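Participant: Okay, here's the structure, questions in a sec.
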């Protein structure tokens, strides 16, 4: 049994191998690009709005609200990156209802690539917002002794992101495969439904965790610059509760 | 029995133990997290959205422990690095 779509070679030419992961990733990218392009090509602001535009607006504003909830001040800044992550993973996981399709997120290469995107995005966003010095200073907080641990934390959470998504999707695929061999028809269908739910939740969690990492990195910077005044936000919340 | 058989036996038993032991802790932790979140929602229904989101994120964090165990078990069964070495040594030597 294949534990990842990497081993499913579709096309081979000399040293070049085209595996299922790459093909399905291209298919998803084409689907997303063509879909959003055809919807955004004719947007309307009038009384009649097409159904597709409504769907897109719901998705975009929903993602923006979620980003704002996690604690980012300007959701529009993070919307393209986080939204792309979420839409790609969600589409990749939801398309499992199509027979013969293997989600590319069930391959460690894809999830590692996505996690590396997050690893790069955190410093990029924080440097763009707070500057290089403030970003580097974050590594020696609270004391310079913590520098190696901060570095380890940076990489281990990237690894955790990658392995979490990979393990979840792969476990779903493998369990369905085993169940089809053991008990055909009914249980595989139930597991497939469960897989759709967990696939969507995993996409959501990946996006939220990426946003939390970015938001926490930018927020610590803010706290340093404000000189401890950033806790005033929490204080006002507790005061409101009283 | 030759080395490959022993490696297979040990791998399968270890994979079972990994899943069994490795899912106990996350199961208890997820139960705790869910029950505490339900209590929090019962006390503050207005904050249900925030609590639910935090619950999902923390459940994902907890769950990843079990997922790591699952990945290790899958590697032991399907992609065992020692099986290939043992068969190579058996056929080559």
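Cβ atoms are placed via backbone N, Cα and C, with glycine included.
Keep in mind that TrEMBL annotations are predicted by a computer and have not been checked by a curator.
Below are the features listed in TrEMBL for this protein:
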{"type": "TRANSMEM", "residues": "A:20-41", "note": "transmembrane segment"}
{"type": "TRANSMEM", "residues": "A:78-101", "note": "transmembrane segment"}
{"type": "TRANSMEM", "residues": "A:107-128", "note": "transmembrane segment"}
{"type": "TRANSMEM", "residues": "A:165-187", "note": "transmembrane segment"}
{"type": "TRANSMEM", "residues": "A:193-215", "note": "transmembrane segment"}
{"type": "REGION", "residues": "A:223-242", "note": "region 'Disordered'"}
Participant: Can you say which of A:20-41, A:78-101, A:107-128, A:165-187 has the most Cβ pairs under 8 Å with the transmembrane segment (A:193-215)?
Facilitator: A:78-101
Participant: Give residue numbers and ranges for long-range contacts of the transmembrane segment (A:20-41): same chain, 6 or more residues beyond its ends, CB-CB under 8 A.
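Facilitator: Counting only partners 6 or more residues beyond its ends, the transmembrane segment (A:20-41) has Cβ contacts under 8 Å with 4-6, 8-10, 50, 52-53, 55-56, 87-88, 91-92, 95, 101-104, 107, 109-110.
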